[in-house]
Amino acid sequence: DIAPLILTSDGENYATVEGYSAFLHCEIFASPAADIRWTKDDSIEPLSTLRYELNKNGTLEIKETKKEDSGSYACWAANSVGKRAITANLDIRDATKLVVTPKNPRVLKSHSILLKCQSEYDSHLKHSFKLSWRKNGDKLPVNSTEDGRIILDRDTLFISSVTLEDQGVYTCVASTSLDSVTAESEIIVLDVPDPPEDLRISENQNRSVRLSWKAGASHNSPINESIIEFEENRWEPGRWQELTRAPGNDTTALLSLAPYMNYQFRVVSVNAVGRSQPSKPSLRYATPPAAPDKNPENIRVEASEPNEMVMKWEPLKPAERNGPGLEYKVSWRQRGVEADWNEEMVKKHSLTLRNTPTFVPYEIKVQAVNNLGSGPEPNVTIGYSGEDIPDAAPSGVSVDIVNSTLVKVFWFGIPRDRVRGHLRGYKVSWWKTRSILDGKRHHPEKHFLTFVGDRNYGMIPGLEPFSEFRLTVLAYNAKGDGPESSPVVFETPEGVPEQPRFLRILNFDKDSITLSWGLPKKANGHLTGYILQYQIINETHEIGPLNDVSVTNRSTLSWKLSGLSSSTKYKFYVKACTVKGCGKPVTEEGLTMAQGSKGIGKISEAVNPTQKFHPIEALEPGTEYTVRLVTKNWVDNNSIFEDVIETRGRAYAGIYDGISTQGWFIGLMCAIALLTLLLLTICFVRRNKGGKYSVKEKEDLHPDPEAQSIKDEIFGEYSDSDEKPLKGSLQSINGDIKATESADSLVDYGEGEHGMFNEDGSFIGAYSGSKEKGSVESTGSSTATFPLHA
């Protein structure tokens with residue numbers, strides 16, 4: 001006898017995924033045979049539920065494992081000799097899950113599809129996790145296939161330009177060391193049907209035939225209808241036209257045919273994706289000829305000349321001819337006249353009749369005829385021969401005055417036989433001849449209105465009030481205008497004037513404002529005066545009551561409003577009036593002066609557009625002004641330029657006004673002048689030390705007759721004052737000494753062609769330009785001449 005010997009190692013670790021079976025091994029050798037039982041964790045009770053199954057070899061199978069099955073298990077073996085036990089550890093992992101999206105997509109041929117395999121797996125199994133793709137059970141290679149049209153990238157499968165061969169079941173396979181799962185998606189490729197096949201013709205008749213065919217593959221979209229087309233080689237060879245349609249999955253159709261045609265047929269299948277390619281054509285089938293079944297339609301009469309009539313119609317289509325030798329029998333006669341029908345056979349689709357009466361009704365018939373007979377009896381159509389312009393003018397023209405700008409015109413229409421065509425309507429023409437207000441005559445400028453249809457009145461709007469007009473009426477048809485009626489003269493009454501040309505604020509004060517306005521552009525009558533209105537419009541949503549002032553003198557173009565509130569914004573309205581009422585107002589806004597301020601008012605001065613600047617004079621010192629540059633016509637108040645300036649006060653201006661009368665200022669200026677003159681004299685003396693030139697010698701060489709004749713002229717001394725002669729002063733020829741005015745600048749010595757310096761810098765003076773001339777000789781070493789003031 002041997003005690004149980006457990007051959008399986010103690011402390012073995014087992015793992016499985018949830019939902020799978022787990023096998024815990026316990027291999028035993030014992031004699032006699034041992035009893036085996038399994039316990040879990042700290043429990044001593046043997047495992048005995050239905051999920052636990054103990055195999056003969058001691059292995060414990062746990063079926064459909066759950067998370068709570070994780071833990072430590074013990075295997076106990078005992079016999080009469082002894083007992084043994086081992087432990088085993090079990091871990092339950094999360095099961096791997098897969099979803100392929102989209103599920104069973106339907107894809108149009110030549111489009112693209114992307115399948116994505118979304119997976120979830122236990123984090124302990126990530127190192128063993130693998131994905132792969134299969135199509136219809138066959139493994140797809142990992143690398144791209146078919147020149148990149150099918151691309152595998154782990155969990156994605158992309159197919160571009162899908163073909164019919166791409167249809168199938170695609171499987172995503174995910175595997176770990178403990179489990180393996182799959183998910184499927186079937187790609188369904190949609191395409192137009194394949195062309196029908198095996199076309200057959202049966203049940204042949206003169207006007208019908210049965211066509212049968214075999215439908216092609218529908219490519220996962222059922223066939224909705226079949227289109228039967230035909231081609232005939234007698235009239236339009238090579239042109240396929242639709243004949244009829246068969247619904248649903250019908251594969252046969254009874255076709256109605258026309259005589260004298262050589263047909264062949266083909267079928268096109270249609271599903272939700274589109275049309276299939278046409279089937280191969282059937283055998284040809286020729287129908288026998290017959291007489292026409294119908295006559296031409298849309299019979300009409302056209303004419304461009306008064307004495308002709310052109311009858312036209314739509315020709316029969318080739319399929320409507322029914323046989324060879326097609327012609328048209330045209331019949332006509334004048335309506336209301338007992339006469340036989342005139343007939344003529346033509347092959348084209350028009351017939352021209354000449355020398356017909358102007359605008360006379362005719363009965364017309366057109367019948368189709370071929371070699372096998374005539375078509376049905378045609379219907380009669382009424383048409384008119386060519387039109388001419390009306391030859392009569394409306395009569396009884398009269399005008400009713402509605403108001404100053406609107407009149408109603410009445411007339412008697414012309415007789416129907418004078419219209420000479422289909423009457424289109426009447427035209428009313430009018431023009432202004434003179435203004436009643438000033439009697440001025442106007443160059444006729446015609447206006448006209450058209451009144452469509454047969455009517456005898458019309459309204460003429462938009463007339464100028466207080467004016468004289470002339471008016472005519474004429475009838476017209478498709479050919480043109482008829483003669484005008486005799487002119488009717490009428491006068492419009494006075495109306496309300498237009499708004500005045502402008503409104504300006506000339507002067508404003510704390511409680512008054514002076515307004516000026518212009519005449520209205522059009523008075524539209526005799527002016528009776530003006531209505532002046534004003535109201536407060538301070539910066540609030542509320543406005544003050546409207547005050548009225550009646551100006552009864554129509555010559556008055558300005559008005560002073562008094563009794564206004566100071567520092568208040570007002571809006572002013574001026575409108576001109578006649579006996580008929582007042583027109584639209586012209587408006588302006590203005591602000592009265594504050595209490596204690598002085599109002600200067602608004603001053604306007606005309607400025608030439610070419611000016612670069614404009615002086616503004618006669619302003620008050622220490623006063624604030626608003627300066628605006630606006631357009632002359634004052635159409636609006638938008639400024640080209642606007643600025644606020646303030647003139648200087650009187651105290652500031654006095655600094656400059658009184659300075660010229662101050663004694664200290666006069667003395668300072670005299671001292672500066674004396675010093676300047678002394679410096680200039682010293683400068684001239686020093687310059688002359690370099691050489692001598694006697695003016696006396698010059699005068700002897702070139703005597704001046706005028707200078708010789710004046711013997712008693714006295715040249716005063718060159719000094720700064722009358723009381724103190726300067727040393728080296730100049731003496732006259734006679735020895736007499738007189739005081740002269742001091743020369744205080746070089747200007748007194750002349751800057752013209754007779755006053756200049758010589759080559760060595762000495763000064764030369766010539767006096768040919770003055771009445772008094774002379775020469776003096778200084779006591780110094782140099783000689784100079786000076787012009788002296790008398």
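Keep in mind that glycine also has a Cβ here, set from the backbone N, Cα and C atoms.
Positions annotated as domain 'Ig-like' by TrEMBL: 4-91 (among others). Taken together, the residues of the domain 'Ig-like' (4-91) have an average pLDDT of 90.
Marked as domain 'Ig-like' by TrEMBL: 96-188 (among others).
TrEMBL lists 195-290 (among others) with the feature domain 'Fibronectin type-III'.
Annotated region 'Disordered' per TrEMBL: 275-296 (among others), in sequence order.
Here TrEMBL flags 295-388 (among others) as domain 'Fibronectin type-III'.
What TrEMBL lists as domain 'Fibronectin type-III' is 393-495 (among others).
Feature annotation from TrEMBL assigns domain 'Fibronectin type-III' to 499-596 (among others).
Per TrEMBL, the feature transmembrane segment maps to 664-685.
Residues or ranges marked as region 'Disordered' in TrEMBL: 770-790 (among others).
Among the features that TrEMBL reports, compositional bias 'Polar residues' is placed at 776-790.
When each of 4-91, 96-188, 499-596 is checked for Cβ pairs under 8 Å to the domain 'Fibronectin type-III' (195-290), 96-188 comes out on top. Note: the domain 'Ig-like' (4-91) comprises 3 helix, 45 strand, 40 coil (DSSP; helix = H, G, I, strand = E, B).
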